[in-house]
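Undergrad: There's a structure below that I have some questions on.
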Amino acid sequence: AGWLFWRMMACGRRSGGSKRQVILFILCVCVCQSGAETLRYSLAEERERDSFVANIANDLGVSPSQLAARKARVVSEGSEQLFHLNQNTGVLMAKESLDREEICPQSDTCTLFFKIFFENPLQLIRGEVEIHDVNDNSPEFPEKEMVLEIPETTSLGSRFPLESARDKDVGSNGLQNYSLGSNSHFSLALGTGKDGTKYVEIVLERQLDREEKRELNLLLTATDGGSPPRSGTAQVRIVVLDANDNIPVFVREVYEVRLAENSPPEQLVVRVAAVDPDEGSYGNVRYAFTQTSERSRQLFELNPVTGEIRVAGNLDFEEAKNHKMVVKATDGGGLSSHCKVQVEVLDVNDNAPEIALTTLTASIPEDAPPRTVVALFSVRDRDSGDNGRTECTIDGDLPFSLTPTFDNYYELRTNAALDREGTAEYNITITAMDWGTTRLSSRESIFVQISDVNDNPPEFMQEIYTMSVTENNRPMLRIGSVNATDADAGKNACVRYALVRQEGKGQPNVSVSSENGEVYILRPLDYEEVRAFEVMVRAVDGGSPPLSAQALLRVMVRDENDNAPVVLHPPPDSSAAAGELVPRWAREGYLVAKVVAVDADAGQNAWLSYELAKATEPGLFRVGLHSGEVRTARAVAERDARRQRLVVLVRDRGQPPRSATVSLGIALVDGFSDAHLRVSEEAPPAESDGLLTLYLIVCLACVSALFLATAVATVVVRVRRARQRKAETLPTFPKAATESNAGSLPRGYGYDVYFAAGTVNSEFRFLRPLFPCFPAGLPPGPGEQRSSVCSQEVASLGEEGD
């Protein structure tokens, strides 16, 4: 609501007229009339009169002049008004110095509620002020001197409860600790009851001896937690008695009683009884309250001889629902025991509803539309349950109705069209009745006069509305709404919305509801096609002639991860066998291939990462996370399989992520023959599954035969070469070069054969003459010479491979 108000005020300032600002403010209040946020403040108690609480004008975002114009006033809950509002400054002040202990005597937190009422138009704003406690009360004992009569035969470790101190402050300022003066017989024990109250006991640490000392005087100190701390003291006088070996025993440890709040004085509540088997004065038991609040002592009286507890004051369910008392039974020898008495106060319907008129519009125009608020009032019933549940009715057949809002507040509204010529005034009687067994009611009369029309165009809250939608949306998806208001009343203030047709543009992608300005997307959008578009929205009122205003609607399309990565290289339709060639001498980091992929999405949805999903040798190759480069992760070893197959996964960073895979076939080759063998062998079988077993057996037999033939041929070739090496002085050449060039070129020159990746077409690259290369440190054989070209040739081959 505050944001709406400031936006409207900003528009009013741009328009340059104070009258326009007032109109905009009234409209803002009308929008926020039915509900507002609660204003929360805090104030320390005991502040001086007219102390500052808050600046209501600043918190509501209004000027003091507007507070006075709208007759703003503060109403506190209850009969006493604790705050007042200065309409000239907008400051909320406390009328009197507030004492938390007086206002909220039995509550840890003290919150005062108030409401701010505005007129023209009607508005209600809730507020609350929390009164913070200050340490202005010291702990006090009910009695300055407590007398305990303890037999000298009392066993060590016996505990004796003492009267607890009372501190009107709460929290850390309340009672926190007890201390006992230095003595040799007793120590102090502190405890906390189930209800959170602290109690104190003294514990006998050393045996008493009446002949040695008849009385002991101890100083008990109670300290609170304030800063600086406050304390109170009481004298504990211990009277040592002669032996009394039986203590009074109550029939029950806890007495629970339910009592109606309208119970008359002297009515018996309960009778407590304790039995002492001792004889004489040691068997006479007397009763007294202990560890009982002062208010409970005022409401109940205890007969010290009979143990009867009777009503002594006026019980009030609304003041306290429960009362807890502790009764102490003491025999003639000073021995005592305790029991608890818990009294639950039952509510009766003893309070009639109270009607409090908050605000009233004395005169309303006859063209006021139905549901116009005429008055605002509250109904309060201090009872609980059905006794505090109320209902309100209007006497007679009148064109008015009651609408509940919140916190037992009701709005008196018109429910039909008014006609001043027919009825000039109404006397409305409101009856409030509770739901108790004996129903109580109260009445309040309201007098309303009826008094005897398009000059304001609609105004948009914003000049530009920016909305967003995620692509691939469903048709007729609501993405927001535009809102325009009209300062007029009746049909002149009825605003309808429509899109402005723009020449040269096709059918728009959005529609606007003519009734409420809600914006819908007509069809699914594609971010890759349309990233944003703009349309004009017109608001027209119902006057004659109608007035209108326009605003720009800008729709931004958000990208969605609806496109999976597309692999450009290697082409996805290429055969998996058409892969790359890697020489056996390739070292770590050798570039094998580069996977190139794109994603049609934008932003994070188009960020691609590459990873190796599957490999014949998992540790032989690696893929660059962002570059897609496939490189050797280590040097190629002789044990590595000749044919390698890699599956590279390309994944984007959308939510959820999308991915694509591409297969790479890699052949580890020594020369032309290996490459040729790879091309000829990588055609995958396409026979049916029914003949698969037969084909496998035939292939295995062929491979075995081929292996035996190759082994025999290799032995023959090696024998022939060994004989030729002895007969010739020219250097020999590697096996691959000799076999590939034998019979076609002179021995001194050889040519390497290369196959382009992904094809079976061969192309020849003519290099310098090949000479045999010998491993480092190994001398050439007889008649052989080490060529200086070897290292250069190997280096050039590595660069070409990269």
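Just so it is clear, glycine is given a Cβ too, placed from its N, Cα and C backbone atoms.
In case it's useful when we look at the structure, here is the feature table from TrEMBL:
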- 1-36: signal peptide (SIGNAL)
- 39-141: domain 'Cadherin' (DOMAIN)
- 142-250: domain 'Cadherin' (DOMAIN)
- 251-355: domain 'Cadherin' (DOMAIN)
- 356-460: domain 'Cadherin' (DOMAIN)
- 461-567: domain 'Cadherin' (DOMAIN)
- 589-686: domain 'Cadherin' (DOMAIN)
- 694-717: transmembrane segment (TRANSMEM)
- 781-802: region 'Disordered' (REGION)
- 785-794: compositional bias 'Polar residues' (COMPBIAS)
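Are these features on the surface or tucked inside, and what are their neighbours?
TA: According to DSSP, the domain 'Cadherin' (39-141) comprises 15 helix, 41 strand, 47 coil.
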Undergrad: Top stretch among 39-141, 251-355, 589-686 for CB pairs under 8 A with the domain 'Cadherin' (461-567)?
TA: 589-686
Undergrad: Can you give me the average pLDDT across the domain 'Cadherin' (39-141), rounded to a whole number?
TA: 81
Undergrad: For the domain 'Cadherin' (39-141), which partner among 251-355, 356-460, 589-686 gives the most CB pairs under 8 Å?
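TA: That would be 356-460.
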